[in-house]
Every structure is written in C-alpha cells, then in structure tokens.
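Below is one structure, written out as structure tokens, with a few remarks after it.
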Amino acid sequence: MVLADLGRKITTALLPRQRTVINEEVLQAMLKEICTALLEADVNVKLVGKLRQNVRAAIDFEDMGAGLSKRRIIQTSVFNELCKLLDPGVPVWHPTKGHSNVIMFVGLQGSGKTTTCTKLAYHYQKKGWKTCLVCADTFRAGAFDQLKQNATKARVPFYGSYTEMDPVVIAQEGVEKFKEDSFEVIIVDTSGRHKQEESLFEEMLQVSQAIDPDNIIFVMDGTIGQACESQARAFKEKVDVASVIVTKLDGHAKGGGALSAVAATRSPIIFIGTGEHIDEMEPFKTKPFVSKLLGMGDLEGLMEKVSDLKLDENEELMDKLKHGQFTLRDMYEQFQNIMKMGPFNQIIGMIPGFSPDFMSKGNERESMAKLKRLMTMMDSMNDGELDHPNGAKLFSKQPGRAARVARGSGTSVREVNELLKQYSNFSATVKKMGGIKGLFKGGDLGKNVNPSQMAKLNQQMAKMMDPRVLQQMGGMSGLQNMMRQFQQGASNMPGFKGK
C-alpha cells in the first residue's frame, strides 16, 4: 500500500528525535519533513499549511510541565491534525437490519465501480446480511458479463438483462424482484462515462428517482489525487451523494491527496480499495486509519475481526482450551479462521508497531499459499489422526502415516514433519494457557491472571514467532505491551467476557 510510504515518512520524522533535546529548531525540522511527505502524497498545499500552523500553535515549550514527553505531545498533535485533515465531520450511513436497503453506485468509467459493487456485497454477506446485485449499466459493453462473473465468484445473487437497453427499467425490475424476496442489501450498479457529461447525470437522476435509493455511493479513482475534490463536488451537486469509496489506493503515491480532497467536500469516505481481490477493501474510520498509518495499530478493528469469527460460540473448542487440549483438527479450524479474517496485510497493520506494508504483496501471497498447502496435508489425514489428543506423538511412533499423508497431498515427508512440528509448538502453548487460572474468565485479565504465569506464556509465544516480527514489535517488552492492550480490548468486546 503506497499510503504506507506517507506513514513511514511521518513516523521517521517523529522517531529519530527521541534521543535529542527537542526545542524550537528540532520542531521546525520535524514539521518540514512531515509537510514535505504530505505534499509528495499530493495533499493540497493550503491544507498542509493549515496543518503545520495548527501543530505549531498547539505546542508551547515554555508552558510544558516538567516530566512531560515533548515527543509524545508533538506526535499526539500531528495525529489529531491528520485526523482533522481526513475527517469530513459528517455521520456515516449504515444499513438497517430486517429492511431492504437500496444502495446505488455512481462514478466515472474506469474507477473500479463494478468490482467495488461486488466487494461491498461480499463484505455485508460475510457479516450475515442477505445481499444481491443489480446491473443497470447498459452503456459499457461487457458490463453485465463482468458483474455476473464477479457475483458468481462471490456467490452473490444478481439481476441484469442482455436485451433490455433502458437502465431505469432494469434497475426498477431488479430492485422490485429482490425486495419481494426480502433481500436486505440491494446494490445497483449504474453506467459510467469517460468524463463528466450531462447525459450521465441525467441517467443517474432518472435511475435514482425510479428506485429511491437509501444511499448513493460515489466510487472515485484514488490515483487522480487532489483532483478528486472537483469530481466529488460535481457529483454532489447533481445527485444526492451520501458516501464515497476511494479505489486503487494500493498502487499510487497520490492516495493521501485523494482522501484529504474528498474530506474537504464533506463527503464521508466509507471504504477504501486496497487491491484487486474481493476481500481487498477496508472500512474507513479516520482515527484507526491514521493510527495504522503511523504504525500505532488498530486494536478495535482487530478485535472486531476476531469477534466476527464468533469463536466464543464454539463451546467445545473453548472447553478444550481451558483444559490445555489441542488437536490437529483444532489447528485446521484455526487456519480456516485466519483465511476468513482477510488479507494478512490488513491484519498485520492493525497490530501496534507494524506498518501496513510490513508484508509485501508477494510475501502475503506466499504466506497464504503455504497456509493452503498445510491445510491440503491435513485434508489427507484420517479422523483418528486429526482427533488424536497428541497427533505429533502418533505420527512419530508410526512413520508410515507421514509417508501416506505426503503421497495423498502431493507433498514430501519433510513438509509433513514440519507441519507436525508447528502443531507441537501450538499445542505446547495451549497447554500453558490451560494451566493459567483466570485466562478464560473474561473481564480484566490483569486482575484474573497470575503475572508470572502470563510472563511464561509470553516467552512461549516469543519462541514461536519469526525473529523479524518480534524485533518489529520492539522485542519481549513490545510483545508484552501488545498482549496487555489486546487483553484490555478483549475485555470490552461482546463475546469475550465471562458468562
């Protein structure tokens, strides 16, 4: 994600001075670096000037009390001003459960509108909503074929026509059909154009009047940078745009300019597109976004993703964990959960101390491929092996089992043994967790759990981690700090409290 370059430059401007006496001269140098990074990201020069002025006005070295961290105060001030830069200050629309919510997509051709329609349908579908798609784009050749292909891949019901050429008729028929079938989120894709023109706006108005959408989403290409502002204003003047999705933020240096420009029009950005794949779209919330940008993590978002998995509903697994039991089948299910959580980069960026580009796209694909390979090996195991209380011991006593699994999965015995070694490490950690009283009670884990036992668990986790990852987190102290934050977040989340 190229936006991470901006985050890295701002973080670099703030970090090196931690061992330096921070005075007026150092502050000016820091602000210069930060403003240069923002200008390089195509943020409007007036907005950058205002940010610099506000940060400078918020810091008074003479009035600072003794013992206060000047670097922390500057970092907080920069964080707050970046939030102001990206926050339009308008409430975001949310669909209503048990009701047909009609969402109409508008935008220029080539902005990624049709793909984004499917991404949004898939996003709500994963959260338990009954979603569908309507293709009212009759202008672009192949538009219905593209939507049909995307919807089929995402397993989302769709409606369109190869013969009807009136987009208003298609939109009306599709929405009525899906309302009769009690669909909760009905997404209508409309025609785009190569440029803003009256015929486009006229068609959008006709479709809008016919289907009476609850939310009109404007899809915008993030690669045009601050030029997004005039485009967003033009669409807002013609139709009642309530939300914006900015796409293509994974491969262009102008992403910062695009986001700040949209915010300047007071249009709330609800999602950002970070890649071509169906799950490469993230909900946009200003504070968590800036926090991730600066490597400060987003534990609220991480806990939300974990909560979506509904792990607490798996009473059998929770009971096993309490007693320190962990089978190969349990590990397989956890691998499935990891796949459900979405791209690794999104998860990594939510952990404090990690930047969103910690793992490159190539490494991410490689990691997902490795995970799928491990699951393929486990698919070749029988029920007795998957459910054995100590699967690794069973395989070590009978080496022929590993050879059979390798043949069945098209892998080598060495790879099967590596899988079993990973399972042994996981199992050892679970046994330690099972021996810690109060770990599964919920609430304030700091009060429930013996500190020395928690320290041993942290050491066990550190042994399992890639040294590069542990170093990025700030060593053992960084891991312990992250665990404390995670525990505090867990105690405040539904489904993580004791019954």
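Yeah, the Cβs are placed from backbone N, Cα and C, and that goes for glycine too.
In Swiss-Prot this protein carries:
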type	residues	note
BINDING	107-114, 189-193, 247-250	GTP binding site
REGION	1-294	region 'NG-domain'
REGION	295-499	region 'M-domain'
* Asked: Once near-sequence residues are set aside, which residues in the chain of Gly107 (GTP binding site), 6 or more away, have Cβ atoms under 8 Å from its Cβ?
  -> Lys113, Gly192, Phe218, Val219, Met220, Phe235
* Asked: By a simple count, how many Cβ atoms lie within 10 Å of the Cβ of Lys113 (GTP binding site), its own Cβ left out?
  -> 26
* How does the model score the region 'M-domain' (295-499) in terms of mean pLDDT? -> 67
* Structure fact -> Taking all protein chains shown into account, the Cβ-based neighbour count within 10 Å for Gly110 (GTP binding site) is 14
